[in-house]
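These features come from Swiss-Prot:
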- 64: active site, proton acceptor (ACT_SITE)
- 13, 14, 15, 60, 85, 100, 207: shikimate binding site (BINDING)
- 121, 122, 123, 124, 125, 205, 228: NADP(+) binding site (BINDING)
């Protein structure tokens, strides 16, 4: 079978590396390519995918929201999240899914359930994670403004960072979904880590660098920290299961990404 990831830009994507590690571990002859789709050609996407005989694909920036208007059938989770990151094609019908929220939830499963969770940011990743966690936990969003959260089709409490003191003190889990801390962005922790209780867990959906400023500060306080690597692997594994009905080899996928990142650090 043939799979791909589409985006603009796309050359930075580690998805082909990760998925080919899975194919090798499972001894399949599946293929996975990174396809750059220029915005001016996006309206030809169905023709492009058909021409390349692709069976399923992932979507990254900037097309996750736009895909809602392209697919034939949208999964209920993708509808609520308002974005699609996985498309499965069967008998010419395009089915749209979102595995981001479930991918993240799987990475922190042992910590969740009846917890006070504070999510930093109100973008697409935040919405996916909020939707996946809010039914079993008390979820609060902190963002520069709260307007975006008010438009979501499910109810979440939201505050600005200036209003965050009491919220942070009660947090069991803090999750950064913003690009702050990613390479090329201003180093910042967004919140006062010293206000967190000693049992708090701090997460970041970023996996390069492996410890963003917020994770570094939390680790220095002795708090448990989790970066975004497991989320990346889990969402990819879930995509593979949607496409094929088979379980992915997540250990092989994760190790391939770790090896690549370690080599990159040494260069």
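Along the chain as shown, residues are numbered 1 onward.
Cβ coordinates come from backbone N, Cα and C, glycine included.
Projection of Swiss-Prot feature records onto the structure.
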residue: 13; record: shikimate binding site; DSSP class: coil
residue: 60; record: shikimate binding site; DSSP class: coil
residue: 85; record: shikimate binding site; DSSP class: coil
residue: 100; record: shikimate binding site; DSSP class: helix
residue: 124; record: NADP(+) binding site; DSSP class: helix
residue: 207; record: shikimate binding site; DSSP class: coil
residue: 228; record: NADP(+) binding site; DSSP class: coil
Sorted by sequence, non-13, 14, 15, 60, 85, 100, 207 residues with Cβ within 8 Å of centre, shikimate | 5, 58, 232, 235, 236
Could you check the binding-site residues 15, 85 and say which one's CB has the most other CB atoms within 10 Å?
-> 85
Residue 125 (NADP(+) binding site): which of the binding-site residues 13, 14, 15, 60, 100, 207 have a C-alpha within 10 angstroms of it?
-> 100
Look at the binding-site residues 123, 124, 228 and tell me which residue has the greatest number of other C-beta atoms within 10 angstroms of its C-beta.
-> 228
C-beta crowding around residue 60 (shikimate binding site), within 10 angstroms = 17
Out of 14, 122, which of the binding-site residues has the smallest number of neighbouring Cβ atoms within 10 Å?
-> 14
In whole Å, the longest Cα-Cα distance within the recorded NADP(+) binders 121, 122, 123, 124, 125, 205, 228 is 17
Cβ packing number for residue 64 (active site, proton acceptor), 10 Å threshold | 24
Reported as an integer number of Å, what is the Cα distance between residue 85 (shikimate binding site) and residue 64 (active site, proton acceptor)?
-> 6
Residue 121 (NADP(+) binding site), Cβ-centred 10 Å count of other Cβ atoms over all protein chains shown, is 22
Name the residues of the same chain, 6+ apart in sequence, whose Cβ is under 8 Å from the Cβ of residue 205 (NADP(+) binding site)?
-> 104, 125, 129, 175, 176, 177, 228, 231
Widest Cα pair spacing in Å over the listed shikimate contacts 13, 14, 15, 60, 85, 100, 207 is 18
From the binding-site residues 14, 15, 60, pick the residue whose C-alpha lies nearest to the C-alpha of residue 121 (NADP(+) binding site).
-> 60
